[in-house]
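Enquirer: Following this message is one structure expressed as structure tokens.
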Amino acid sequence: MRVQTTPDAIGGWLNGLLGMLIFSGSLPATRVALAGFSPTFLTFSRASLAGVLALAALWLTRSRRPTVAQWTALAAVALGAVVGFPLFTGIALQSITSAQALVFIGLLPLSTALFGVLRTSERPSRWFWIYSVFGAAIIVGYALHQMIGHAPASPRASPASAAVLLGQMMMLLAIIVCGYAYAEGARLARDLGGWQVICWALVLALPFMLMAGWFDRPWSSGPLFDTIGLPGLHAHRTSSAPPTFLHWVSSVPVGAWLGLAYVSLFSMLIGFFFWYRGLSMGGVAAVGQLQLLQPFVGLLLAGVVLGETIKPSMLFVSAAVVGCVAMARRTTARKRRST
């Protein structure tokens, strides 16, 4: 197959590459942000900041408003990509490292493809399902290996095995809800446009995120979410008495503020602009393959920026899962050409 070198194709690859690189830093940035924020407040804050910017972008571009039916699908995108994925990964990163979590990201393209199949009349070949099951089995095997205790969890995790299991379950939930959101977003993008989908989803979630963030504010008792019994949800509270606003602001590490800024501006907004522009210029089938590099770039960032240990088993599992995803995609593309 001859690689296209037209200006649109080159621009598509460059934009797609920038989007992939931005997304690769999401989990490491989230782990840095968790040094000063709880998973719940971090989720509400990043969605609120990105939602305000998304509202401004839609207003400046005079984007067409979604229909009633499209709002329903946008709600699914918001629940999965705006709320579910950030919240579940935030909880997971309380007990596992970003390097351990990034191994699960290799399943995201497969999760998206599976939900895409379920939401359409497409009937993939049996090899698609074989590769899908094999890729999922690799992740399950890796998770069981980690749960046994060969890889240490976060020092805050107690007991370690239960904390690691919680982190792994949260990552699997994150992959499931995000895959569904991406599949719904892909359907909506045909009518609304790529970046407009995530912007409208952010705007739809904005009132709820602002309200939830206010109730969960760290400089108060946080009555709405203090009753949730998951470990680490309010790690930023070090005493029973809530701090004042100024004291709380001064107590949050600079790195945590930078992590919040990254996941709010880049992970939830700017990355989608580059990614969807790349897909539209260079083609979904071609530029979409860059997503397979995300686990490896993320592992590199986790090792270099955070100093986390990157074990050979992580690279092996990531490579095996990416291989299964690539082969599953290849079988679906081959079937489309034959029909």
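Keep in mind that glycine also has a Cβ here, set from the backbone N, Cα and C atoms.
Quick paste of what TrEMBL says about this protein:
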TRANSMEM  12-29  transmembrane segment
DOMAIN    13-140  domain 'EamA'
TRANSMEM  41-61  transmembrane segment
TRANSMEM  73-93  transmembrane segment
TRANSMEM  99-118  transmembrane segment
TRANSMEM  127-148  transmembrane segment
TRANSMEM  160-183  transmembrane segment
TRANSMEM  195-215  transmembrane segment
DOMAIN    252-325  domain 'EamA'
TRANSMEM  254-276  transmembrane segment
TRANSMEM  283-306  transmembrane segment
TRANSMEM  312-328  transmembrane segment
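Give me the lay of the land around each of these features.
Expert: Only residues 6 or more beyond the boundaries of the transmembrane segment (12-29), in the same chain, are considered here, and those with a CB under 8 A from a CB of the stretch are 89, 93, 98, 101-102, 105, 258-259, 262-263, 266-267, 270-283, 286-288, 290-291, 293-294, 297-298, 301-302, 305-306.
Panel annotation: around the transmembrane segment (41-61), residues 30, 33-34, 82-83, 86-87, 90, 195-196, 198-200, 202-203, 205-206, 209-210, 212-213, 216-218, 236, 260, 263-265, 267-269 of the same chain, lying at least six beyond its termini, place a Cβ under 8 Å from a Cβ of the stretch.
Listed by sequence, the residues of this chain that lie at least six past the ends of the transmembrane segment (127-148) yet keep a Cβ under 8 A from its Cβ atoms are 96, 100, 103-104, 106-107, 110, 113-114, 117, 161, 164-165, 168, 172, 313, 317, 320-321, 324-325, 327-328, 331-332.
The list of residues near the transmembrane segment (283-306) in space but at least 6 beyond its ends in sequence, with Cβ under 8 angstroms from a Cβ of it, reads 4, 9, 12-13, 15-17, 19-21, 23-28, 31-32, 97-99, 102-103, 105-106, 108-109, 314-315, 318, 321-322, 325-326, 329, 333.
For the transmembrane segment (312-328), the residues of the chain that approach it from at least six positions outside its boundaries are 99-100, 102-103, 106-107, 109-110, 113, 124, 127-128, 131-132, 134-135, 138-139, 142, 145, 289, 292, 295-296, 299, judged by C-beta separation under 8 angstroms.
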Enquirer: Under 8 Å between C-beta atoms and at least six residues away from its ends: which parts of the chain pack against the transmembrane segment (99-118)?
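Expert: Same-chain residues near the transmembrane segment (99-118) but 6 or more away: 27, 89, 92-93, 124, 128, 132, 135-136, 139, 142, 146, 151, 167-168, 171-172, 174-176, 178-180, 182-184, 186, 288, 291-292, 294-295, 298-299, 302-303, 308-311, 314, 317-318, 321-322, 324-325, 328-329, 332.
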Enquirer: Helix, strand, coil: count each for the residues of the domain 'EamA' (13-140), based on DSSP.
Expert: 101 helix, 0 strand, 27 coil
Enquirer: Sequence-remote contacts (6 or more beyond its ends) of the transmembrane segment (195-215), Cβ cut-off under 8 Å?
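Expert: Distant Cβ neighbours of the transmembrane segment (195-215) are 40-41, 43-45, 47-48, 50-52, 54-55, 57-58, 63, 66, 71, 74-75, 77-78, 81-83, 181, 185, 188-189, 222-225, 268-269, 272-273, 276-277.
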Enquirer: Report, as numbers and ranges, every residue of the chain located at least six residues beyond the transmembrane segment (254-276) whose Cβ falls under 8 Å of a Cβ in that stretch; write 'none' if there are none.
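Expert: Cβ under 8 Å, 6 or more out: 15-16, 18-20, 22-23, 25-26, 29-37, 42, 45-47, 49-50, 53-54, 82, 86, 189, 193-195, 198-199, 202.
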